[in-house]
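Feature annotations, courtesy of Swiss-Prot:
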ACT_SITE  His146  active site, proton acceptor
BINDING   Asp139, Glu212, Glu214, Asp246  Ca(2+) binding site
BINDING   Arg155, Gln253, Thr363  substrate binding site
BINDING   Asp246, Lys266, Thr270  Mg(2+) binding site
Amino acid sequence: MAEGSRSPLRSFVEVAPGSHFPIQNLPFGVFRRRGSPEPEPPRPAVAIGDFALDLAAVSDAGLFHGPLLSASPCFRQETLNMFLGMGRPAWKEARATLQKILSADEPVLRDNEALKKKCLVPMSDTEMLLPITVGDYTDFFCSVHHARNCGFIFRGPQTPVNPNWFQLPVGYHGRASSVIVSGTDIIRPKGQGHPTGDSRPYFGPSKKLDFELEMAAIVGPGNELGKPIDINDAEEHIFGLMIMNDWSARDIQAWETIPLGPFLGKSFSTTVSPWIVTMDALKPFTCEAPKQEPEPLPYLAEKNHVNYDIPLEVWIKPKEQSEPSMVAKSNFKHLYWTLTQQLAHHTVNGCNLRPGDMFATGTLSGPETESLGCLLELTWNGQKEISVGNSTRKFLEDGDEVILTACCKGEGYNVGFGTCTGKVLPALP
C-alpha cells in the first residue's frame with residue numbers, strides 16, 4: 001500500500017506514540033556501538049523507535065534483494081556518501097526494503113532472535129556520529145522575515161531588504177571542517193569586535209554568542225562541473241534534511257562582514273542533528289510555498305513550488321537550571337526560496353555539487369515574535385531581554401545548552417528529526 005499521511009504501516013519494533021522515529025520515517029545516520037570489547041568502525045543505520053537498525057548487519061544477512069543494493073558495499077562504509085551518490089532509485093529501493101523487513105507482518109527479522117539482536121541496537125548503546133563527509137557547505141539566507149529583521153537592526157527601516165534578495169537565493173560559502181554532530185560542546189570563540197569611540201577594535205571572547213535555527217539539505221548524486229541542474233530536476237539531487245544550528249558570534253560578524261560577508265563570526269562551529277530525514281518521508285507534509293513577487297527568472301521558475309510543514313522549536317537550558325525552557329517556535333514552511341530553487345541557483349553557473357555536500361536554509365524565522373529563530377532578532381541585538389526559565393538572556397552565556405528540535409505531525413504518527421544540541425563552554429585562556 002502506498003505511503004501517505006494516513007499510512008497504516010506498523011512495525012514489529014515497539015514504537016512509543018510520541019516517537020520521532022516510527023516506520024513511516026526511517027531516517028539515516030551513522031553510529032558506533034558503545035562498550036564493545038574491540039573498537040568497532042562506524043556503521044550506517046536507520047532509526048526505528050528507540051533502536052538503530054544496523055544496515056551493515058542487514059546487508060551482511062542478505063536482506064537487500066533489489067538490483068541496486070543486493071551487491072553494493074554502500075552500507076559497509078563509514079559514512080553515507082556512497083549511498084547518497086547512488087541516487088533516488090537506490091534510496092527508494094532501500095526505503096521499501098527496510099519498511100518491509102521492519103513491518104509487523106514480515107517474519108524475516110521479527111522471528112529470528114539472533115539476527116534481530118545483531119541488527120537492532122538500543123539507542124542507549126550507540127554513539128551517534130556525523131553521518132556524512134561534508135565536502136562543501138553553503139549557507140543561504142532564505143527567510144524574508146529574518147532578512148527584513150536583520151536589515152532593520154543593521155541598516156534601519158529605509159531599505160531593510162536589498163533588492164537582489166527577491167531576485168535570487170542569497171548565499172555564502174561556509175566552513176565544512178567545523179560541521180559537527182549534535183552533542184559536541186561549543187568553545188566560545190575569540191575575535192575582533194567593533195571599535196567604540198576612538199578606541200581600536202576589541203579583541204577577546206565574543207560577547208554576543210548566538211544560535212541560529214536552520215535546516216540543512218544533503219546533496220545526493222550532484223552534477224558535473226559546467227553542467228547546471230535544471231530547476232525541475234533539482235529534487236532528484238536532494239536526499240534529505242537535518243536540523244542545523246549555525247552558531248554565530250554577532251559582534252565578530254558585525255565588524256568583519258563588510259565588504260565580503262561572514263568569516264570568523266560563523267566558521268567556528270556548525271552543529272547538525274545525527275539523523276537525516278529523507279525527502280520521501282517528508283512528502284506527506286508538503287505545503288504550498290509563499291508566493292514570490294516579482295516572479296522569479298525562468299531558471300528559478302518551478303512547476304512544483306512547494307515547501308514542507310515542519311514545526312521547529314528552540315530550547316535553552318541555563319547551567320543553573322534543571323530543565324530547558326522554550327524560547328522560539330517556527331516552521332520550515334516560512335521559507336521564501338525553496339530547497340529546489342536554492343540547489344538550481346547554486347549550480348546555474350556550472351558549479352558542481354558532490355554527494356554529501358550540504359546547503360542550509362538560513363535562519364528560519366516566521367512572522368510572529370515567538371517564531372524568530374535567533375537571539376539577534378528575539379532581543380533586537382541585545383536591546384531587550386527574553387525570559388529563560390527564571391533567568392533572562394540577551395545572548396548566550398557560558399554553560400547554556402541550546403536544544404533545537406523538529407517534528408512533523410501525521411495522522412497517528414510523527415516524522416521527527418530528534419534533537420540538535422550543543423553546550424557553550426568558556427573561551428580558551
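Heads up, the Cβ atoms here are built off N, Cα and C, so glycines get one too.
Locations of recorded Swiss-Prot features on the structure.
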residue	record	contacts (Cβ under 8 Å, 6+ apart)
Asp139	Ca(2+) binding site	Gly171, Tyr172, Gly174, Glu214, Asp246, Lys266, Phe359, Ala360, Gly362
His146	active site, proton acceptor	Gly362, Thr363, Leu364, Ser365, Leu372, Gly373, Cys374, Glu377
Arg155	substrate binding site	none
Glu212	Ca(2+) binding site	Asn245, Asp246, Trp247, Ser248, Gly362, Thr363, Gly373, Cys374
Gln253	substrate binding site	Pro262, Gly265, Lys266
Thr270	Mg(2+) binding site	Tyr137, Gly174, Arg175, Ser178, Val179, Ile180, Met244, Asn245, Asp246, Trp247, Ala360
Looking only at Arg155, Gln253, Thr363, which the record lists for substrate, tell me the maximum pairwise CA distance in angstrom.
18
Neighbourhood of the Ca(2+) site (Asp139, Glu212, Glu214, Asp246): other residues with Cβ within 8 Å of the Cβ centroid, in order?
Leu213, Met244, Asn245, Ser248, Lys266, Thr270, Ala360, Thr361, Gly362, Thr363
Reduced DSSP assignment, Lys266 (Mg(2+) binding site):
coil
Note the Cβ centroid of Asp246, Lys266, Thr270, the recorded Mg(2+) site, then list each other residue of that chain whose Cβ lies within 8 Å of it, in sequence.
Asp139, Gly174, Arg175, Ser178, Glu212, Met244, Asn245, Trp247, Ser248, Ser267, Ser269, Ala360
Tell me the Cβ neighbour count for Lys266 (Mg(2+) binding site), meaning other Cβ atoms within 10 Å of its Cβ, over all protein chains shown.
24
Three states by DSSP: which one describes Gln253 (substrate binding site)?
helix
